[in-house]
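K.L.:
For GLY80, ASN111, the entry in Swiss-Prot reads anthranilate 1 binding site. The feature 5-phospho-alpha-D-ribose 1-diphosphate binding site is assigned by Swiss-Prot to GLY80, 83-84, THR88, 90-93, 108-116, SER120, with sequence analysis given as support. The feature Mg(2+) 1 binding site is assigned by Swiss-Prot to SER92, GLU226, with sequence analysis given as support. The anthranilate 2 binding site annotation in Swiss-Prot covers ARG166 and is backed by sequence analysis. Sequence annotations record features per position, and here Swiss-Prot assigns Mg(2+) 2 binding site to ASP225, GLU226.
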Amino acid sequence: MKPKLLFEQLLSRQDLSSDQMQEVIHACMTGEFSDVQIATFLALMRMKSETVNELTAAAKVMRQLAHKIDLGNPLIDIVGTGGDGRNTFNVSTACSFVVAAAGIKVAKHGNRSVSSRSGSADLLEQAGFILNLSDSQVQNCINQCQLAFLFAPHYHPAMQHARAARQQLGIRTLFNLLGPLINPAQVKRQVVGVFSTNWLKTIATVLANLGSERSLVISSQDGLDEISIAAKSEVVEYRDGNFKQWFISPEDYGLKHSSLDAIIVDSPEQSLHLIQSVLSGDSGPARDIVLLNSAAAIYCAKDGISFDASIEEARIAIDSGKANHCFNKLRLLTQTLNKESNHE
C-alpha cells in the first residue's frame, strides 16, 4: 500500500482491512517504510484508534516475523502495555518472581523503556541479570527457576526498523498494544495490563482471536496498566470462549487503599530497590500491589482457584522467602550461563 494512500485513508478516519494492515506492518518491519513514514503511520493510527481487526492482523505479522521459542506448556506471561504515564515501579516484573515461586512457569516478555522511566529490561540489567541468552539457556532458566525473561529485541529483530520512529515520537503507539500480543513463547495464558479501560474488551478479543485459552485484561480507574492500590480496577476475563467483566478493589482482599506516591520511581535503581524490599518481605503499598497482580496471574494460570486463594498463594510465595530465592537463583543462573557460553 502506497504511503500517500495509507495516510489519506487514515486522515479520513477509515479503518484498514486486515490485508491492508498486514501489508503496512510488513512494510514497517522490513525497512520499506522510512522513519518518517513509520512515525506518521503510528501517529495517524493513534488519532484514529486501532480496531480489533487491525490489531489482530498486525500481531499475526509480528508473530510470523518473530524468532519463536518452544518452552513447552503451560506457561503464563504477565505484561503491561506501558504508556500509562504514571512511572510506577516494574510491578509485572516483580510479580514474575512471585508467580514462579508459587510453582507456575512464567515466560516474561519485555524490553527496554521507550516511554517510561524503567522498562523491565532496564531494571533486570540494573540488577545484574544477563538477558542475551540462547534458546537452550532460556529453556534452562525455565527448567531450574520456573521463570525466563524473553528480551524482545532478540526475538523480534524486525522491530529495529521502528525503533527510531518510536523513540522520536516518544508517545504511546500501536506497538505498546502489540507488545503483549507477540510473546515469542506463544503462551496460551496471559495477564495483560492496559493503560485505559477503553481497551479492555478490544485486547481481550484480540487475544481470543490469536488463540488464547484464558486471559485477564486489566486496567485501573486511576489509569494504571495493572491492578491498582489506589482505585478500583476493571477486569475482562476470557475463558472457554466467553468474556466476563468484573472489578477488583484492594479492600475486597484485606489490603489497604493507598496513594500511588509510594510506588512512583525515577529510575531503574529505584524500581530495583522497591522490588527487593517487597521480595524481602517488607510491608506497604509496593507489597500490596505485587500481591494483587501476582494473584491475578495465579488465578489465570490455575483452573478452579478463587482470587482469595490466589492472594494467599502469592503471600506465601513472598513470606516463605521463595520469591526472593527465585530472584537470586535466576540472576546467578543467567550470569553463570553467560560465562559458560563466553568460554566455549
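Residue 1 is the first one shown; counting continues down the chain.
Cβ from N, Cα, C; glycine included.
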K.L.:
Reported as an integer number of Å, what is the Cα distance between ARG112 (5-phospho-alpha-D-ribose 1-diphosphate binding site) and ARG166 (anthranilate 2 binding site)?
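P.N.:
Between the alpha carbons of ARG112 (5-phospho-alpha-D-ribose 1-diphosphate binding site) and ARG166 (anthranilate 2 binding site) there are 12 Å.
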K.L.:
Among the binding-site residues GLY80, HIS109, ASN111, ARG166, whose Cα is within 10 A of the Cα of GLU226 (Mg(2+) 1 binding site)?
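P.N.:
Candidates kept after distance check: GLY80.
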K.L.:
Highest Cβ count within 10 Å among the binding-site residues SER92, ARG166: which residue is it?
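P.N.:
The most densely surrounded of these binding-site residues is SER92.
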K.L.:
Find the one among the binding-site residues SER92, ASN111, ASP225 whose C-alpha lies closest to that of the residue listed as 'anthranilate 2 binding site'.
P.N.:
ASN111
K.L.:
If I take the alpha carbons of ASN111 (anthranilate 1 binding site) and SER92 (5-phospho-alpha-D-ribose 1-diphosphate binding site), what is the distance between them in whole Å?
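P.N.:
Distance (Cα to Cα, whole Å): 13 Å.
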K.L.:
Which of HIS109, ARG112 has the fewest nearby Cβ atoms, counting only those within 10 Å, among these binding-site residues?
P.N.:
ARG112
K.L.:
Within 10 Å of the Cβ of THR88 (5-phospho-alpha-D-ribose 1-diphosphate binding site), how many other Cβ atoms are there?
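P.N.:
Result for THR88 (5-phospho-alpha-D-ribose 1-diphosphate binding site): 24 other Cβ atoms within 10 Å.
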K.L.:
Provide, as an integer number of angstrom, the distance between the C-alpha atoms of HIS109 (5-phospho-alpha-D-ribose 1-diphosphate binding site) and GLY80 (anthranilate 1 binding site).
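P.N.:
So the alpha carbons of HIS109 (5-phospho-alpha-D-ribose 1-diphosphate binding site) and GLY80 (anthranilate 1 binding site) sit roughly 10 Å from each other.
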K.L.:
With H, G and I counted as helix, E and B as strand and the rest as coil, say where DSSP puts the residue listed as 'anthranilate 2 binding site'.
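P.N.:
Assignment for the residue listed as 'anthranilate 2 binding site' reads helix.
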K.L.:
Could you find out if DSSP has ASN111 (anthranilate 1 binding site) as helix, strand or coil?
P.N.:
coil
K.L.:
Using DSSP, would you call THR88 (5-phospho-alpha-D-ribose 1-diphosphate binding site) helix, strand or coil?
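P.N.:
DSSP call for THR88 (5-phospho-alpha-D-ribose 1-diphosphate binding site): strand.
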K.L.:
Rounded to a whole angstrom, what is the C-alpha distance between THR88 (5-phospho-alpha-D-ribose 1-diphosphate binding site) and ASP225 (Mg(2+) 2 binding site)?
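P.N.:
Spelling it out, the Cα of THR88 (5-phospho-alpha-D-ribose 1-diphosphate binding site) and the Cα of ASP225 (Mg(2+) 2 binding site) are 10 Å apart.
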